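Per TrEMBL, the features are as follows:
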COMPBIAS  1-17  compositional bias 'Polar residues'
REGION    1-39  region 'Disordered'
COMPBIAS  30-39  compositional bias 'Polar residues'
DOMAIN    34-104  domain 'Amino acid permease N-terminal'
REGION    76-115  region 'Disordered'
TRANSMEM  117-138  transmembrane segment
DOMAIN    122-608  domain 'Amino acid permease/ SLC12A'
TRANSMEM  150-176  transmembrane segment
TRANSMEM  196-214  transmembrane segment
TRANSMEM  226-244  transmembrane segment
TRANSMEM  250-270  transmembrane segment
TRANSMEM  302-320  transmembrane segment
TRANSMEM  340-360  transmembrane segment
TRANSMEM  411-433  transmembrane segment
TRANSMEM  468-485  transmembrane segment
TRANSMEM  497-514  transmembrane segment
TRANSMEM  534-567  transmembrane segment
DOMAIN    617-768  domain 'SLC12A transporter C-terminal'
REGION    760-779  region 'Disordered'
COMPBIAS  765-779  compositional bias 'Low complexity'
DOMAIN    772-993  domain 'SLC12A transporter C-terminal'
Amino acid sequence: MNLTTARSPFSVSSLSNGDDRKFSLGGCSSYDTDSVASRSSGVFSGYDTLDTPPSYDFYSNTEIFGRAKKSRPSLFQLHSNPQDDPSPPPLYEESSVDKQSPDEDEPTEPPPEPARFGWAQGVMIRCMLNIWGVILYLRLPWITAQAGIGLTWIIILVSSSITGITGLSTSAIATNGKVKGGGTYFLISRSLGPELGGSIGLIFAFANAVAVAMHTVGFAETVQALMQMNFNCTLLIVCTGLFFSQAQVLFFFVIMVSFASYIVGTIIPATPEKQAKGFFSYRADIFAENFVPGWRGLEGSFFGMFSIFFPSATGILAGANISGDLKDPNVAIPRGTMLAIFWTTISYLIISATIGSCVLRDASGYINDTVSSLSGECLGVGCNYGWNFTECMTNKTCPFGLSNYYQSMSLVSAFAPLISAGIFGATLSSALACLVSAPKVFQCLCKDKLYPGIGFFGKGYGKNNEPLRSYLLAYIIAICFILIAELNTIAPIISNFFLCSYALINFSCFHASITNSPGWRPTFRFYSKWLSLLGAVVSVIIMFLLTWWAALIAIGIVIFLLGYVLYKKPDVNWGSSMQASSYNMALSQCVGLNQVEDHIKNYRPQCLVLSGPPCMRPSLVDFISTFTKNHSLMICANVITGGPSPGSVDSAKISTHLKWLDKRRIKSFYHTVVADDLHVGVQMLLQSTGLGRMKPNVLVMGFKKNWRKAQPNNIENYIGILHDAFDLQYGACVLRMKEGLDISRTMQAHVNLGFETSTEQALDTRSSTTTTSPTIDTSLDPEELMATSQPTTVFQTRQGKKTIDVYWLSDDGGLTLLLPYLLTRKKRWGRCKVRVFVGGEAQKVEDQKQELKALISRFRLGFQDVQVLPDINGKPQSEHIKRFEDLIAPYRVSSVQKDGQEADETTKDFSWMVSDEEMETFRAKSLRQIRLNEVIQDYSRDAALIIVTMPVGRRGACPSSLYMAWLEIVSRDLRPPVLLVRGNQENVLTMYCQ
């Protein structure tokens, strides 16, 4: 087989080995292939295509220094025929980065890379330092004495279980895509959305700032000899955090040395001085005595001890909060966080078990309190080792022991100053972690612009983008809370804010999992959605168990911030699980509607509005929205004439028009189809628009005001749309306003060719049937058009005490009466009075009036003003008849044409033409429309709205031009808006309750 003859028509025209490598496509200009990533060799075969292999550039949002970012070819480039486009686009579109001109100096070196941390230093050590704090050294021995070793282990394990579950949820969320700066706020906001994410981000940043004050106050109360005043301590923390980022390694080392000193101290035999204070090294009977609870004081209960210990288990998010400073957050956050929780839990268990095995609950500290020096009964385990602390135990005045002496770890330690150093390192490191976390989280929140007035603090400085302004704000907040100087007042609020964050992180993981979104693909697999839900519920419960009033404050702040974001609706789209949940619920409800049978009582006019681009016909859109908003379905539809192309795709962009509708507070869908002409497009819409039971049942369109200047086939298409609607059992409404509906000519924008075109070409009704496309001014694209001030329409204002006149001349099932009733339920039309006009006989006016009022009262519509028009069938004035005949004259055909062609053959070829026979056949109906216009002129000149039953013309029997003339003459020369309505002849009103 000769491969040369089997090559593609897109053959290679040049295979030179020079630098200017180009190949041409048949009939097309040359494409430069220098930037094609898929072609690495200098020789091309005839099978080379525009398709490229997968590339990181196609999915990344970041730029790579030294080369332009490439993007994959569009579907149009791959699918379209190059011969149809004389100037095809380039193979690859460059990114939005501005290309520098050749004479500009290009940077020769990449920008400096900011310092990044690994999983050990960036996450594990940071989390461990934040978890360890004053409670470890000063309260854990006391909790062991109160709850006993057994219950203390349960408290530690329950606390660690909650933080462990939260750590698993955090790991799952952090590995579901690339994590940027912002830590906890970034994780929650990108998972649950800006509503909950923004509120948690703000209170979490505030809680971290206040936590700086909490750790500072707690340390200053305990070690007053080392810190003269709280202000100096806070200033030291700020300086350490800003200029000595490696200080955490030093703190970690100091704490490890203090732990080693403590463990060694438990092994070293106790001196008499330490024995007098209750320390006897490891003793089985001391372990047995301290294993069971020994509750004392008002706080002596399980939950009391739990509330005191749990804040020491928080701090697991310290690593996630600096996610922007990590080398690989997807690996560092799960590994570092879970290891930090594991090792800190082990340290808590070891310390509680060892100190409970070495130290008595009560001791006097007096070296002379030995068994030999006292007579009488000896109480306590100390008696077994020659010490009698009975007196102070009986009087409850013992100054030493686990239950009385907070510095028990210093007593046990081999070198007591190392414990003081450990307290210094643990407190300073916790405060430092909070001080670093708060500005980082707040900076990310500021950049998202969810709340007003905080953008000033989001500016970063230096290669690490340090938020110095946020540091200053956190320092000021810490100073303000330090002035309170009451740890018991600050700590409950802090703990509840952290627990609130834990609850939402767990809920985020559960919610993302339960929605089954295809985008939820975390690489960390060791999590369970039900464990996450349990963690969220338990976190909320613990909030109230710790301090109920602080829990209410935290939840109240979250609800307030949530309401603000819901009201403002920021323009962000993060692909949150809330969006996935909304889709799932909507899908479930729509499918569920399939099991619900239609009933007259639940009938709602669900409108398919042929608005074109909604911004072009605001009056039509505003009017329909008046009675469909929060009540029924409204779909604005646009038919773009022409074949599928990039231009038609751009014109069909839904987001632009939805933004316009949203800005106008109109609750409507928007649907676009591309078709050869308007009639075909509307047929597509009538048959395919909607979903299950959520599909339109009423077609709404604007009146074709310039129909006499339009091409005849445009009239045929317009009337054909009404016939199609009736064939498909749709109701139909046509709105006419004196000033017209289409404002596209004023706004110089695209106009739908099927409606009120701006062409001024004269109509040759006898010889021309070709549509001439008008000149369209596209100088303004939809984006610019939307940005202009939205026009005000009469339907946006209150109508006052006017009337809505309903001419219910033919029974169409009740749609003509239902629409004005729905209008009067709205505030803008609420004060209007509805008047119902019907035709009747002069001899039975009163009887017909009472009969109709009784029928309307059974419908419970509340319409009291009913008028019978006996002269509705009278003969119209001659001048009005003459005007109608002049109106239809251009579309008349004589019985015999000049060329001898018979009239029936002419009307067969040109169905829009009206023969004399057809004029005579429909004469009575034509006169009725003329007379109806005269009656409306007499009765409804000052009405706010006129609703008239639309006449129906038989398909194939009534010429489209004659039908159009009826619609014209009924609504002609009327100042109020006119709505022509025709239901589908099925009941939409009922007088029964079932």
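Yeah, the Cβs are placed from backbone N, Cα and C, and that goes for glycine too.
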Considering the transmembrane segment (411-433), which listed stretch of 117-138, 196-214, 497-514, 534-567 counts the most C-beta pairs under 8 Å: 117-138
Segment-segment contact (the transmembrane segment (497-514); the transmembrane segment (117-138)) at 3 or more Cβ pairs under 8 Å: no
Recorded stretch, among 250-270, 468-485, 534-567, maximising Cβ pairs under 8 Å relative to the transmembrane segment (196-214): 468-485
Per Cβ pairs under 8 Å, the stretch of 117-138, 150-176, 302-320, 468-485 packing most closely against the transmembrane segment (250-270): 117-138
Beyond the flanks of the transmembrane segment (150-176) by 6 or more, those residues with Cβ under 8 Å of it: 140, 143-144, 187, 191, 291-293, 302, 305-306, 309-310, 312-314, 316-317, 320, 323, 329-330, 333-334, 337-338, 341, 344-345, 348-349, 352-353, 356, 502, 505-506, 508-510, 512, 519-524, 526-528, 531-532, 534-535, 538-539, 542
Same-chain residues near the transmembrane segment (534-567), Cβ under 8 Å, at least 6 residues beyond its ends: 162, 165-166, 169, 194-196, 198-200, 202-203, 303, 306-307, 310, 450-451, 492-493, 495-497, 499-500, 502-504, 506-507, 510
PLDDT averaged over every residue in the domain 'SLC12A transporter C-terminal' (617-768): 79
